[in-house]
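Below you'll find the structure, written out as structure tokens, and then a few comments.
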Amino acid sequence: MIDLKFLRENPDAVRESQRTRGEDPALVDALLEADASRRAAVLAGDNLRAEQKAFGKKVGQASPEERPALLEGSKELAAKVKQAEAEQHEAQAALDAAHRAISNVVQEGAPAGGEDDFVTLETVGDIPAFDFEPKDHLELGESLGLIDMERGAKVSGARFYFLTGFGAMLQLGMLQLAAQKAMANGFQMMIPPVLVRPEIMAGTGFLGAHADEVYHLADDDLYLVGTSEVPLAGYHSGEILDLADGPKRYAGWSTCFRREAGSYGKDTRGIIRVHQFDKVEMFTYCKPEDADAEHQRLLAWEREMLAAIDVPYRVIDVAGGDLGSSAARKFDCEAWVPTQQAYRELTSTSNCTTFQARRLGVRYRDENGKPQTAATLNGTLATTRWIVAILENHQQSDGTVRVPEALVPFVGTDVLKP
């Protein structure tokens, strides 16, 4: 949730953020109205309770003759207090609903527009110039015994797969390398639960416009996570953190689940867009004033991993209309996929400022010992989709694939052969 104090002082900035996202700026006015109504209801209730307290003292000091009339007045006042409390509760519920309808305030400098309006910040590496017709990742994966989509579909349905043999080792090696790099940079490794309570899923912002992307176990009222960002954000919910020595950094290794409800007909071939995949995700809690610098650090660590797998990629500044509701700014790294003649997302890092932490009640103490809302950030360090870029960019004319040098110790071979 956004900071209501910021909203009251900067309503035009929040309206502009809504426009940048392509969302309704009128929601800002609805929130301001709900905020004013709730504050008025609280004031009215407080005044009545103060009056009730003073009236109670008057009753206690009254003579026997005066008391019956005063008691009758006390009953009337009690009824008014009860009504005021009901109105306050109703006003709070309306405020909560209006508050949750507003996405995070887009950071100044982020591009306006939608999915195609990103700004390319840098392009890294040389696009391979093959002297043969390159195969796509699925053809390579099947011919080398790395990917089995047919049996994945037989067992689980469309967009499921088996990683087999060195395909499994390639993923495990990639994730293990990511875990080692995370630990070397001060992250605490975590294997989190992949089922979370509704309040944790909602707190991270995943039950808004894209709620249909999330798997829900209705009988247990639990959600399957699409990223370990969710349980890691909930890890310190309701706590006051000690950030005096700098950010708290966690790296979660988990299986992730996405319904891909809005992706019918898109990327139906191979493992680019699937219902289940594995990922190592970086997650940071820090002071708000440290968030921008931390965002750049997360991006730098992602780039280190992409350098390790030796694929050409570009870094983009994602436009406001393509941001998730929790993100104020997002940078993606997209790798070149030769057979698509296009760049495809491999990593994403988001600065969620205080949006998630405010929902989840994560705070820290400032230099005066006063609790303040923390900032949260996240970023991909490795995920299943990377196999696509590795296979296609490192394929050779004889149908084999060269294993990136950094992954050889984990995979156990330097060339993937039939």
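Placed from the backbone N, Cα and C atoms, the Cβ positions cover glycine too.
Listed in Swiss-Prot for this protein:
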- Thr227, Ser228, Glu229, Glu281, Thr380: L-serine binding site (BINDING)
- Arg258, Arg259, Glu260, Val274, Glu345, Leu346, Thr347, Ser348: ATP binding site (BINDING)
Residues near Ser228 (L-serine binding site) in space but at least six apart in sequence (CB under 8 A): Met190, Pro192, Val194, Gly252, Trp253, Ser254, Cys256, Lys279, Glu281, Phe283
Cα-to-Cα gap, Thr227 (L-serine binding site) vs Thr347 (ATP binding site), nearest whole Å: 12
Cα-Cα distance, maximum over Thr227, Ser228, Glu229, Glu281, Thr380, record's L-serine binders, Å: 10
Rounded Cα-Cα span from Thr347 (ATP binding site) to Thr380 (L-serine binding site), Å: 5
Distance from Glu229 (L-serine binding site) back to Ser348 (ATP binding site), taken between C-alpha atoms, in Å: 12
Residue from Arg258, Arg259, Leu346 whose C-alpha is spatially nearest that of Glu229 (L-serine binding site), among the binding-site residues: Arg258
Spatial neighbours of Glu345 (ATP binding site) that are distant in sequence (at least 6 apart) but have CB under 8 A: Asp332, Cys333, Glu334, Arg385
Maximum Cα-Cα separation in Å among residues Arg258, Arg259, Glu260, Val274, Glu345, Leu346, Thr347, Ser348, which the record lists as binding ATP: 19
Least Cβ-crowded entry, counting other Cβ within 10 Å, from the binding-site residues listed as Glu260, Glu281: Glu260
